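> Dumping the structure here so I can ask a few things about it.
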């Protein structure tokens, strides 16, 4: 246990330090080679890599139509019900995020709009490590569907038999996705960014992945003009602020739910009550013993930080410094604390809002900024599947009324042609003649609504 | 002039090709050296680079308070009026973009919110090449002010006397900015991203710049965790769609206003009327002659494309393929055409909406996605100066009602600890005992509003 106020400045920095992300040349070069191979050999490279990395020789990259019905038939009703319920929850919250066009007459005859348009084609990367992740399919597939993206492509590495989990296929299908490719790793991201004979390139790729996937997203978003990715990725994080009234059993369970993600998961507890910290520490050991992913969680916990703060205000301050991906507020006065929280990807308020609820089914998105990016980046939302652009419509009167302003500013900036695009239309109000070019300086009487 | 339908597929691709952005190793290494120098030597490096690159030995990086009043006194009233009018226009449109919190009960006892928070500290880069750019100060400073960023820092390279333009200082001052540093180039971006003795690091940097600035933004946003930039930058672009009724004088003036930006500016005209294309071509030559930036515009025009389309629908299609930064619609039926436009940073509707209007004073932002990024990226708006995050509040009843869903999904994903964070709180509905740990499975009766 650390006591925040007894730490020096540099110890405080260390206490909130994140694990270094290995940015090795080997990784960079390895991924570059994979990308180049896909760029040069297209599908052939994808077949080769899938054989080498996933251990299966495929005949066909795309999942056959027949698999969708088979997947649905193979799943238990209770599993389908769970996926349907989560789908509905996520849909309800993301539907409420629809962008409302903004339409303002900034002065008579000058109408400015901010409008939204779905991104035409998007790719969703779904990892398949120890277990399938249908929840991630829903977190990406639901907003893509709601945004109205014309083409939604899902990629997921196959198992040794060339199969994808039934849960993945079923979840994709209820999100309206029928274009699924059985590829994973850096090669899948390269295929989505560059396109191959079978797979047309997409505009933007979403989703989590291992270090090869993350590196490929980084490289391709830098090198392929117009290609974008969702957000920078780092290890998952949870910070819990707990007061004396918090239940140590709950707090420990939450910290463990984060710790089981990976050995580099970050787990931080802040409390103003030493007894609570000790009780949580005890519960962590007790609950750890019976977890199937005990070994992973144990390693992550070894790096965990239990920090005693002077009061809950100080805890809020420390949390804001860290900027956690997930922030759990297990305190009595949640309203006051919530008002002091600045930087977090998603906030879980009160004793009955475990991170698990948001990971699966409350309705919020579980793709969140990590590694300090919660200070600048937003949680994934409907907005990420569309783009906003402006539209302006000026009447002759509207332009005339801004002419003098634009003439002054273009003078300041030395941009004649910018100025002339205005004065040739409406004059500059001083009836100067302009380099022998015929001007339209007729009196302007077409004021009135531009809408 | 090209005729779209007579071009082969590959000629069509070439006709819409953008100039290659030189991604030289020299540039990359040079900028890396500058960044490393700032990282190691802080202010000293900034003084050195300013002496070498800007030709002035400064005593102090920060602009003195006294300079603000002097700048205001030195400016003519008409210049101040113009800056004030543009400020007001931009403020009116960006004020309308305020994010409305989203607050949904996705089911009884489960409340999900999407909230917005200003990014704490932002840096605004204002170039100073041949002339000052007060318009860019306003385009970045107004949304930063409206978003409520706690700290807004402006950097701008000084002239040989260590001065900044009065217009820059005055525009900053009406945006409420008093922290201005007289630095530019890659070293300025490095200072903002990394911090020095004098300049505290910021969370996000905005603004245009030369290739060194762009490269520094790219490198630092990749290497400094939690540091973000506004958007990828490329040469400026304008695509005009003009019909038979368009005024060739206006169209040519707009194309020239784009061409004068830089020799790599992209200028494209699409029309369904050959006579219009010819008349515009003639006007281009005529108007070019009297421009002060004639040499620049001439080079850009040499790369311009005048394309004859079968009809306006085809023009819309070609424009969507290209995805221009600026799109001007000088046609009679603007409504129909506007409904077909998908990809553009900002759209200028009708004969009296020149790009110049949006560049300065209509109210829209002139920081826009270029180089094909309009297919995935948004025009700069108030949203870029804040971040959205989710908040969820579940009652015991709410969590109970989702328990079975979460249990099923955690089973599918093999995440025990995630499951237990729920079952320890409310059971799983099947009253299983959980590994000897005391569970809270009391009946749940606290339904009701979470708000």
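We number each residue from 1, going along the chain as drawn.
Backbone N, Cα and C atoms are what each Cβ position is placed from, and that goes for glycine too.
Taken from TrEMBL, the feature NAD(+) binding site applies to A:125, A:187, A:210. The annotation substrate binding site is assigned in TrEMBL to A:236, A:258, A:261, A:326, A:359, A:413, A:418. The feature Zn(2+) binding site is assigned by TrEMBL to A:258, A:261, A:359, A:418. Taken from TrEMBL, the feature active site, proton acceptor covers A:325, A:326.
Help me understand the surroundings of these features in the structure.
Neighbour count (other Cβ atoms within 10 Å of the Cβ, all protein chains): 29 for residue A:187 (NAD(+) binding site).
Counting every protein chain shown, the Cβ of residue A:258 (substrate binding site) has 32 other Cβ atoms within 10 Å.
The local packing around residue A:325 (active site, proton acceptor), expressed as other Cβ atoms within 10 Å of its Cβ over all shown chains, amounts to 28. DSSP assigns residue A:325 (active site, proton acceptor) to coil in the three-state reduction, outside any helix or strand.
The Cβ of residue A:326 (substrate binding site) lies under 8 Å from the Cβ of A:236, A:237, A:238, A:239, A:258, A:344, A:345, A:346, A:348, A:355, A:358, A:368, each on the same chain and at least six residues away in sequence.
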> If one looks at the chain holding residue A:359 (substrate binding site), which residues at least 6 apart in sequence have a CB under 8 angstroms from its CB?
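Within the chain, residue A:359 (substrate binding site) has Cβ neighbours under 8 Å at A:135, A:257, A:366.
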> Name the recorded positions, out of A:325, A:326, A:418, that lie close to chain B, meaning a Cβ-Cβ distance under 8 Å, keeping sequence order and answering 'none' if none do.
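Out of A:325, A:326, A:418, A:418 lie under 8 Å of chain B.
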> Rounded to the nearest Å, what's the C-alpha distance separating residue A:125 (NAD(+) binding site) and residue A:325 (active site, proton acceptor)? Just drop the number here, would you?
20
> In DSSP terms, helix, strand or coil for residue A:210 (NAD(+) binding site)?
coil
> Let's check the environment of residue A:210 (NAD(+) binding site): how many other CB atoms sit within 10 Å of its CB?
15
> Report the same-chain neighbours of residue A:418 (substrate binding site): residues 6+ apart in sequence with Cβ closer than 8 Å to its Cβ, ordered by sequence.
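Sequence-distant Cβ neighbours: A:406, A:410.
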> Measuring Cα to Cα, how many Å separate residue A:210 (NAD(+) binding site) from residue A:261 (substrate binding site)?
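Approximately 12 Å lies between the Cα of residue A:210 (NAD(+) binding site) and that of residue A:261 (substrate binding site).
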> Between residue A:261 (substrate binding site) and residue A:325 (active site, proton acceptor), how far is it from one CA atom to the other, in Å?
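Approximately 13 Å lies between the Cα of residue A:261 (substrate binding site) and that of residue A:325 (active site, proton acceptor).
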> Can you list the residues of the same chain, besides A:125, A:187, A:210, whose Cβ falls within 8 Å of the NAD(+) site's Cβ centroid?
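Surrounding the site, in chain order, are A:127, A:155, A:157, A:184, A:185, A:186, A:188, A:189, A:209, A:212, A:213, A:216.
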